[in-house]
Amino acid sequence: MDTALQTNIQTCYHCGDSCVEELIVAHEKAFCCAGCKNVYELLEENNLCTYYSFEQSPGTTAKRAAALSRFAYLDDAGVEAQLINFKNDTICKLTFYIPQMHCSSCIWLLENLFKLNAGVSESTVNFLRKEVSITYFHQKTTLREVVQLLAQIGYEPAITLADTDGKKEKKKSNSLIFKLGVAGFCFGNVMLLAFPDYLALGEEVQRDYGKFFGYLSLLLSLPVFFYSAQGFFVSAIQGIRQRMVNIDLPIATGLLALFCVSVYQIVTGTGPGYLDSFTGLVFFMLIGKYFQQKSYDTLSFDRDYTSYFPVSVTVLKENGEEESVAVRNLKVGNRIRIRNQELIPADAILLRGSAMIDYSFVSGESEPVEKVVGEVIYAGGRQVGESVELEVVKEVSQGYLTQLWNDTVFSKNEEQTMETYANVAGKWFIIVTLIVAAGALAYWVPRDISMAMKAFTSVLIIACPCALSLSTPFVHGNTLRIFGKNKFYLKNTAVVETLAKIDTVVFDKTGTLTEPSAAELTYSGKALTREQERLIRSVLQHSTHPLSQRIFQHLKGETLEVQDFKEVAGKGISGEVEGVLVRLGSASYIGVNTDKVKDTLKTTVYVSLNGKVLGYYTFFNVYREGLKEVLQQLKGSKIAVLSGDNDHEEARLRELLGKEAELNFNQSPVQKLEYIQHLKKQHRHVLMVGDGLNDAGALKQSDAGVALTNSITNFSPSCDAILDATAFDKLSKFLGFSKKTMNIILASFAVSLLYNVVGLTLAVQGLFTPIISAVLMPISSISVILFATLSVRFAAKKAGL
Amino acid sequence: MFIIFLLIGISVTVASGFLLAFLWAVKSGQYEDDYTPAVRMLFENEATSGNSKDSSRK
């Protein structure tokens, strides 16, 4: 028992937490709670202790484990049917999202589920997605048993309302990869067949094999033309239909000219054609598209409220029995029981118990709100403390919170922004190309008709802005990757361009500018002695109120026995310690007159000993590290703050943000959304940084919505980008860098234009030959790719990202 | 001369074989998770457990 010899604090063998509150020693190992010990025993019984050999204390704490009866709703056939992906006579297949998954031990245990429950035939983990696909025999076990088993071993799957909505995950399309594969295959083979032309082997080879090589390359480029290049033609036609010129129009024209000329030359035997260039260009451009499409598909950017809501809730039947019911089936008038840390799924009236509702998620208020019996509690709040009983007054879909999602912003599909750099460039490109082509035609027609045709088609071919279209995806794709390395995850590459245009930055306060988990507190009044602090601490330990807990953690000293402890909900607490009457609570509870309005807005807790008021604790928000630097570097843009909280922090915010900043307090989610709309009407490009559901509307409405989160696998509202809280201090750098990438795109435009000028000069003179095209086209494509990639890397290094 | 036609025919056939293999690999989802299999192969198969786990193969 070497663990017992160590100094007082031990870490749990199962979860690695330090055993402060409780220490259980069993099987010669230390555990922090009974939950952890039970998991260990369960694993040991089944010979699964290999779990502990891959990583040190791989488990997740089982302290907050709740009753398994809450999974009763999984017995419901309707719920089951929505969760299961596949079912036949013997087996069921389904996939769970398991947020707790974090190491190789987790993979091992989850893939050995069949040893714990014989009804499970197979479980396969996708670690990056934190998913486990389970196949089980539904005659031997049930869905509920499988979920309960997962919950027992500390891997409770996240089953939310969204899963049961019947919205089955859309399958990721592989068509681009297929197209890329086909194009690559054809490109390689056609190029091989074109080699005799490159090496100028001369008449002999051409005469003997020319026809065979030509037709074979033609055969090979057919799939490229009809399948791989399809996307460019479709997009160009769509552009014409909408009377818009996009970058794909000049590309499609170029590709079409290239293909037609090649077919003509091969069929008539007048030349070898340019099919190697044609297939090569399609291949390179598809690589660009692939790069552009790359995103973080393990992160979820499109969540709505249903992803937050639980699937089931405990309903109290008339005879007092508890029953687990799917949230969807919740009816007006149902009595529900909400336990500690559970979410209230529908607007309801409090019937019994003292509710402390943490609305931080919905409204952004930092402190839990006290509710008394008879008050309406809106959906989305989280109960802190004892379990309460409520009566539902509105169905889930009619609730206050869900109304936000009825706003038009959420129903409107995101329209494609046509005004991207590449599309603007494409417009000018095709105009210039057509003028040059017409010029060449006009010049050659009086002199040499065949030369005129050649020059005309050559211009169209060479002016194909393929290199131009490559630069944007590669610059954006690399930027996306660099941001990702710095824990800033963009939804797609288009967001980079949006970020570059930002001139207004709007912040949410609670949880975004402030650290949600920490609050500073100061004490003012008569200084407390060590002994007095001990008395206060002793009383505080009996209260579960979050403010009590915070002061408790702040003070030091051993706790003493308390007699006559009383807690008046929403007011304060009192107790007698060693003959001293200790009272803590609000000003009115203690009996202090607060004249100044300012003080009532602050969160304060007064202290009195033996009826004498000594002073009070004031809580302050703790602002995120690096906030000052970020704000300083954002000086060029307009800054605003939208807070759901009251304005007691105004002075401190003003100091941080400067005079010009707009500060708005007591903002409801809808007001936040309207504020962003108002800014956009002034033609501002708005970046919204928020964290909770209450910001969801504003995030969606803004040009670029950034969700800040402490853990990227946690739920975050629908947004364009997810920023890990640890990288918050780099926010201004990210914005600055995306502006720089626009310059890089312009520079690579210049590089590709250079090639086009050289090519066009040759083309108008009628000097364009297959060998020149074979050299010029790949070189221009590859050099643009290289230029884009390297310069982004270089710029990132310089910017310190 | 005939040998060139033959060789090109063979080379294109072999290349198409690889193309088909690639398309099949994409389709069967081999590129979807590029992390877990690397960890999974390091787990040892314990002989202690009675029932074999052959059914777990896809």
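Every residue, even glycine, has its Cβ placed from backbone N, Cα and C.
Summarising the annotation, TrEMBL assigns domain 'HMA' to A:92-158. Among the features that TrEMBL reports, transmembrane segment is placed at A:176-195, A:215-237, A:249-267, A:273-291, A:428-445, A:451-475, A:744-765, A:771-796.
Taking the domain 'HMA' (A:92-158) as a whole, pLDDT averages 85 in the prediction. Counting same-chain residues at least six beyond the ends of the transmembrane segment (A:215-237), those with a Cβ under 8 angstroms from any Cβ of the stretch are 179-180, 182-183, 186-187, 189-190, 193-194, 246, 248-249, 251-253, 255-256, 259, 262-263, 266, 273, 275-276, 278-279, 282-283, 285-286, 289. Relative to the transmembrane segment (A:176-195), the listed stretch A:273-291 leads the set A:249-267, A:273-291, A:428-445, A:451-475 in CB pairs under 8 A. Highlighted: of the candidate stretches A:249-267, A:273-291, A:428-445, A:451-475, A:451-475 has the greatest count of Cβ pairs under 8 Å to the transmembrane segment (A:771-796). For the transmembrane segment (A:451-475), the list of distant contacts is 247-248, 250-251, 253-255, 257-258, 260-261, 274, 277, 281, 284-285, 288-289, 291-292, 420-422, 425-426, 429, 432-433, 436-437, 440-441, 443-445, 493, 496, 741, 744-745, 748-749, 751-753, 755-756, 759-760, 762-766, 768, 773, 776-777, 780-781, 783-785, 787-789, 791-792: same-chain residues at least six beyond its ends, Cβ to Cβ under 8 Å. According to DSSP, the secondary structure content of the domain 'HMA' (A:92-158) in residues is 22 helix, 20 strand, 25 coil.
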